[in-house]
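Asks: Take a look at this one; I'll ask things after.
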């Protein structure tokens, strides 16, 4: 794996780097799947082999990397701000409520950035690495693939308050979820499709305790199963994990929606999607038709990736994803 990721010819790098400097001066302020076609032709193979390696070591990492892209895009756009560490001048997003003791995979992104820098120094943004890594994680775990639009640049700042307010809470109602997604230019169908990302990964007890003990729209046997690993008292077992999809927790498929139809959603916000409301029909369709889910998920991921990117001369290309240049 190391040789595959690091044995790219350095004879082309100087030429490519000079080319990208020319392109930067007249950068098109729109995203394109061919953005790095000339400046970093080995980007995709470099990223994918690193993601494959990370997932082979820990399958859960695929879900964690996908989630990083979600949590980045929902806070002031897809600009890599979630990756910034706190400094004396920046209070980052890593310790915001939705991310603290929850968001993970930062070390993997560091490794991917290092590998990309070896083949294309100073060319590819951390924001774009997040986008490609999310796509690769989905595909490696059995989900669809798609052409990722690229050309984002990295933010020079972050906002913990925006992360606290912008990322939907697991206690959200359907109306709250739809409202937040609509504010970002995403539809109710996008909401349901993107929520299907919960077909992989795990959640902490503190995020679903209220649902399994207090809500009535939950299968009683399923609730008891989850209660066995998530004590009722707050502060007891808060970080105990449970799979978001009990049936196939490491495969990207449509079982998440089958779970919702069976009233076995782990999070309150999950089950809100199938609870007698306006999105019931979409959930039901996806539970019966995995191809429809995959197609709509791809469309929604591309739309989400278009949220407020920094392009042209805005932002920067970070050398280290954890800090501004």
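Cβ coordinates are placed from backbone N, Cα and C, and glycine is handled just like the others.
The following feature annotations were taken from TrEMBL:
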ACT_SITE  71  active site, proton acceptor
BINDING   72, 75, 77, 79, 81, 93  Ca(2+) 1 binding site
BINDING   168  substrate binding site
BINDING   198  heme b binding site
BINDING   199, 245, 248, 253  Ca(2+) 2 binding site
DISULFID  40-120  disulfide bond
DISULFID  73-78  disulfide bond
DISULFID  126-321  disulfide bond
DISULFID  205-230  disulfide bond
SIGNAL    1-29  signal peptide
SITE      67  site 'Transition state stabilizer'
Asks: Please report the Cα separation of residue 81 (Ca(2+) 1 binding site) and residue 199 (Ca(2+) 2 binding site) in Å, rounded to an integer.
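Replies: Just about 26 Å between their Cα atoms.
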Asks: Restricting to the same chain and to sequence separations of six or more, state which residues have a Cβ under 8 Å from that of residue 230 (disulfide bond).
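Replies: Expected: 205, 208, 209, 212, 237, 240, 242.
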Asks: Could you tally the C-beta atoms, other than its own, that fall within 10 angstroms of the C-beta of residue 77 (Ca(2+) 1 binding site)?
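Replies: That number is 20.
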Asks: Select the most exposed residue of 71, 198, where exposure means the fewest other Cβ atoms within 10 Å, treating these as the recorded positions.
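Replies: Fewest other Cβ atoms within 10 Å, among the recorded positions 71, 198, is found for 71.
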Asks: Tell me, how many other CB atoms lie within 10 A of the CB of residue 79 (Ca(2+) 1 binding site), whichever protein chain they belong to?
Replies: 28
Asks: Of 73, 75, which of the recorded positions has the most Cβ neighbours inside 10 Å?
Replies: 73
Asks: Give me the long-range Cβ neighbours of residue 248 (Ca(2+) 2 binding site): same chain, 6+ apart, Cβ under 8 Å, in sequence order.
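Replies: Expected: 199, 255.
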Asks: Distance between residue 77 (Ca(2+) 1 binding site) and residue 198 (heme b binding site) at the Cα atoms, whole Å?
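Replies: Their Cα atoms are separated by 21 Å.
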